[in-house]
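Visitor: Got a structure for you, questions after.
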Amino acid sequence: CALQCQRFLISKVGEDWVFLILLGLVMALVSWAMDFAIATCLQAQKWMYGGLDTNVLLQYLAWVTYPTVLITFSAGFTQILAPQAVGSGIPEMKTILRGVVLKEYLTLKTFVAKVIGLTCALGSGMPLGKEGPFVHIASMCAALLSRFLSLFGGFYEVRWEACRAPGARLGFAASLAPFFPVPGVLFSIEVTSTFFAVRNYWRGFFAATFSAFIFRVLAVWNKDEETITALFKTRFRLDFPFDLQELPAFAVIGIASGFGGALFVYLNRKIVQFMRRQKTINRFLMKKRLLFPALVTLLISTLTFPPGFGQFMAGQLTQKDTLVTLFDNQTWAKQGLSEEFEYLGILEAWRHPRSNVFVTLVVFILMKFWMSALATTIPVPCGAFMPVFVIGAAFGRLVGESMAAWFPDGIHTDSNTYRIVPGGYAVVGAAALSGAVTHTVSTAVIVFELTGQISHILPVMIAVILANAVAQSLQPSLYDSIIRIKKLPYLPELGWGHHEKYNVRVEDIMVRDIRYITLNCKYRDLQHVLQSTKMKNLPLVESAESMILLGSIERAQVGALLTHQLSPERRLQVLRQKALALDRHRLSVASICFQ
């Protein structure tokens with residue numbers, strides 16, 4: 001009965017649809033559960049901090065101990081269960097999608113380590129992101145789901161081996177679906193960079209849409225939202241969102257974000273290389289693996305302590321609250337005087353009695369910049385997209401507040417006065433800096449879906465394109481930089497000024513006079529090949545006449561097979577087999593003669 005139901009379901013719905021529905025459902029459930037756990041952890045930190053307001057020392061101890069414990073647990077749990085879960089996961093997925101087999105990167109053990117480690121890392125309140133690790137999580141979901149469905153045989157039995165890369169690519173597309181379904185698919189195409197099967201296009205959109213629908217319904221059911229709406233909904237005016245005279249300011253944001261994105265990638269790589277090149281520090285940290293994440297967390301949480309230095313950089317706000325305030329469509333200050341604006345709710349975090357909002361924003365950008373670059377080097381599951389997104393929003397907000405201070409009455413156009421909206425500048429800055437770090441343009445679509453408005457589509461596109469142009473000419477993307485650091489087998493795109501290398505053919509650089517083995521070669525031929533070359537892999541051809549390549553075999557395997565075939569144990573086994581065969585022959589002859 002179960003088999004008949006399975007055949008009926010597959011015949012009516014189709015194998016692809018069943019797989020994509022299950023993938024979207026699993027991704028939505030995992031994302032919602034993780035978000036709920038992360039929000040609970042952050043709320044617990046706020047509760048601890050607020051409950052000890054009578055003693056600053058106890059507040060400080062609670063503020064720094066809580067994230068240190070979570071980060072240390074995340075690092076230890078990940079190292080013990082699956083070290084492959086450390087980091088973003090996008091560099092490894094880019095390598096896997098190009099046909100390279102990386103062991104243990106798509107297993108259930110790595111999935112568990114990634115989910116639990118990422119939840120603890122984000123629940124600590126450190127400047128870390130979840131978008132990159134979620135790509136890895138979604139790819140593991142797709143791979144594990146294919147393996148699970150292969151137990152039922154038929155189509156899915158073939159799908160696990162034949163569609164491992166497409167399944168991971170679909171996971172790539174579905175990874176950002178709970179947050180922004182349409183840009184998630186576009187982002188996956190850009191990040192995979194060199195190849196995307198068109199047949200997976202509709203699959204990615206379907207899985208992403210279904211996952212986003214389930215995720216938003218769960219949020220409404222849990223009373224996190226009143227209805228299905230944008231995550232950071234803005235209310236910019238639609239009749240005249242910006243003036244054409246503001247476009248140079250948006251272009252400046254794009255160019256500056258390009259330099260900032262390149263600097264972020266460079267700083268992140270230098271921190272990792274410094275830790276590896278200092279042999280004394282490297283050996284010490286290898287013995288004390290949990291010391292480095294604990295020290296980094298202690299440093300960052302100390303600097304963001306609200307009654308301390310954190311009061312100059314809105315240290316008490318989470319990344320979500322920070323984006324909500326930065327995208328606010330009201331002007332915080334006029335002529336730099338913070339007293340002229342009434343700060344309400346979480347906006348109060350940006351107000352300081354002894355400094356104006358410009359100082360707070362500058363300190364926030366500078367501190368969060370190097371903090372995020374340092375925090376992303378911690379050996380825990382984490383990404384850098386959201387911290388960079390927040391920094392870009394803060395930079396855009398700084399430019400917008402500066403424009404509002406320079407033009408307090410707005411820009412006059414045809415006897416009409418339209419005030420400058422600093423929140424729009426924050427949206428442009430967020431898209432530009434995140435696009436510069438990741439070398440993607442789909443961040444423009446991401447901010448549209450995050451805010452629920454496309455009123456600033458032209459400034460966002462201008463800034464993102466300029467940021468990408470500057471960043472790509474200076475540094476590789478953050479993911480390619482990590483690939484180079486880890487020395488993963490990956491061929492990046494040729495940079496500017498190297499287009500003539502596209503004319504170089506394989507035959508121009510290939511070695512023609514190489515040793516090979518054939519299907520009918522003898523022991524003497526194998527020994528001659530092993531003695532005449534030091535190649536680690538030997539090509540296997542059909543025959544010396546056809547030279548049709550069948551594959552390759554490792555030199556060590558050939559040597560091991562020869563040793564096994566000519567070993568004393570093997571010779572004794574052959575002699576016993578011959579003796580047994582001879583005895584059987586004699587018995588059969590004797591029985592015939594007796595008859």
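Placement of Cβ uses the backbone N, Cα and C atoms for every residue, glycine included.
So TrEMBL says this about it:
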{"type": "TRANSMEM", "residues": "17-39", "note": "transmembrane segment"}
{"type": "TRANSMEM", "residues": "60-82", "note": "transmembrane segment"}
{"type": "TRANSMEM", "residues": "134-156", "note": "transmembrane segment"}
{"type": "TRANSMEM", "residues": "168-189", "note": "transmembrane segment"}
{"type": "TRANSMEM", "residues": "201-221", "note": "transmembrane segment"}
{"type": "TRANSMEM", "residues": "247-269", "note": "transmembrane segment"}
{"type": "TRANSMEM", "residues": "290-309", "note": "transmembrane segment"}
{"type": "TRANSMEM", "residues": "385-407", "note": "transmembrane segment"}
{"type": "TRANSMEM", "residues": "427-450", "note": "transmembrane segment"}
{"type": "TRANSMEM", "residues": "457-474", "note": "transmembrane segment"}
Visitor: Cβ under 8 Å to the transmembrane segment (60-82), counting only same-chain residues 6 or more beyond its ends: which ones?
Guide: 41, 44-45, 48-49, 52, 104, 107, 109-110, 112-114, 116-118, 120-121, 123-126, 289-290, 293-294, 296-298, 301-302, 305-308, 378-381
Visitor: Any chance you could find the range in 17-39, 290-309, 385-407, 427-450, 457-474 with the most Cβ pairs under 8 Å to the transmembrane segment (247-269)?
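Guide: Ranking 17-39, 290-309, 385-407, 427-450, 457-474 by Cβ pairs under 8 Å to the transmembrane segment (247-269) puts 457-474 first.
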Visitor: Please give the sequence-distant neighbours of the transmembrane segment (427-450): residues at least 6 beyond its ends with Cβ less than 8 Å from one of its Cβ atoms.
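Guide: Distant contacts of the transmembrane segment (427-450): 176, 179-183, 186-187, 189-191, 230-232, 234, 250, 253-254, 257-258, 260-262, 264-265, 323, 326-327, 384-385, 388-397, 399, 456-457, 459-461, 463-468, 470-472, 476-480.
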